[in-house]
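Enquirer: Sharing the feature lines straight out of TrEMBL:
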{"type": "DOMAIN", "residues": "11-230", "note": "domain 'Orotidine 5'-phosphate decarboxylase'"}
{"type": "BINDING", "residues": "Asp17, Lys39, 66-75, Thr124, Arg185, Gln194, 214-215", "note": "substrate binding site"}
{"type": "ACT_SITE", "residues": "Asp66", "note": "active site, for OMPdecase activity"}
{"type": "ACT_SITE", "residues": "Lys68", "note": "active site, proton donor"}
{"type": "ACT_SITE", "residues": "Lys68", "note": "active site, for OMPdecase activity"}
{"type": "ACT_SITE", "residues": "Asp71", "note": "active site, for OMPdecase activity"}
Amino acid sequence: MTTKAFHPTDRLIVALDFPSAAPARVFLKQLDSACRWLKVGMELYYAEGNAFVEELRGLGYEVFLDLKLHDIPNTVAGAVRSTTNAGASLLTLHATGGSVMMAAAVEAASVPGAPRLLAVTVLTSMDAAQLSGIGIASSPADQVLRLARLAWSTGIRGMVCSAEEVALLREVLGDEAELVIPGIRPAGAAIGDQSRIATPAEAIRRGASRLVVGRPITQAPDPKSAALAILDEIATSI
Ligand SMILES: O=c1ccn([C@@H]2O[C@H](COP(=O)(O)O)[C@@H](O)[C@H]2O)c(=O)[nH]1
């Protein structure tokens, strides 16, 4: 999978961070098919489960299931199996779960109908001080690289990191890596709880495969215009 293989529309994933299907459906009407990829995270998945993933697939969307699995290997493998056949294309797990956990997930995801795995390295909300607070003295970049290498060694070819590390991972892992980048803030957008951020243009120029954008679109007065402006910024940065 090369970074240039994606059509600009396939490089933007809108985070559907809503408490239930009803407000998500209202938002999708406002979005008016401006985007092809949607991310379903814990908030919406815990409320609606695979049925809503299947509904989105039925509407023609590609679905990124961002469940950030992190448990003992047997439990994570079972969770991967529980999402299989729902129609999601991508599923996240935390690389900090370790190589045995990731290998169990890879094995469980090796069947038809299973989503492709993405390893979350260091959450984009965390900075060096927060890492230090959980006992990690490394810089975010060193920790991202360590975890990405570990995930790669288990067979995982997709990583979630911030735009601050994407050039480094692209250089080390090459074009085969699918690098998915949250913490995206168009110029002037509210930063909120994110720490390691960049604009859509910066993230794409540094080698991102896909960008995840939530509140700058979901909380915009006109979500469709906000999404189209980001798609335009992506298209002019490739
Ligand atoms: O490191 C990570 C991993 C996942 N996310 C998710 O992406 C979106 C970002 O939403 P914004 O509103 O654009 O901040 C959200 O669903 C997170 O769970 C992340 O931000 N960082």
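Glycine is no exception: its Cβ is also placed from the backbone N, Cα and C atoms.
Curation plays no part in TrEMBL annotations; they are all automatic predictions.
Give me the structural setting of these features: burial, nearby parts and distances.
Expert: Remark: Gly214 (substrate binding site) has Val14, Ala15, Asp17, Lys39, Pro182 as non-local neighbours, by Cβ distance under 8 Å and separation of at least 6 in sequence.
In the three-state DSSP assignment, the secondary structure recorded for Asp66 (active site, for OMPdecase activity) is strand.
Cβ neighbours of Lys68 (active site, proton donor) (same chain, under 8 Å, six or more residues apart in sequence): Met42, Thr92, Leu93, His94, Val120.
Sequence-distant neighbours of Asp71 (active site, for OMPdecase activity) (same chain, 6+ apart, CB under 8 A from its CB) are Ala79, Gly97, Met101.
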Enquirer: Return the residues near His70 (substrate binding site) by Cβ distance under 8 Å, restricted to its own chain and a separation of at least 6 in sequence.
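Expert: Counting only residues 6 or more apart in sequence, the Cβ neighbours of His70 (substrate binding site) under 8 Å are Val76, Leu93, His94, Thr96, Gly97, Met101.
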Enquirer: Would you count the other C-beta atoms found within 10 angstroms of the C-beta of Thr124 (substrate binding site) for me?
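Expert: There are 25 of them.
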Enquirer: Hey, which of the recorded positions Asp17, Asp66 is the loneliest by Cβ count within 10 Å?
Expert: Asp17
Enquirer: Reduce the DSSP letter at Asp71 (active site, for OMPdecase activity) to three states and note it down.
Expert: coil
Enquirer: Can you list which of these binding-site residues (Asp17, His70, Thr124, Gly214) have a Cβ closer than 6 Å to ligand 1?
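Expert: Asp17, Thr124, Gly214, in sequence order.
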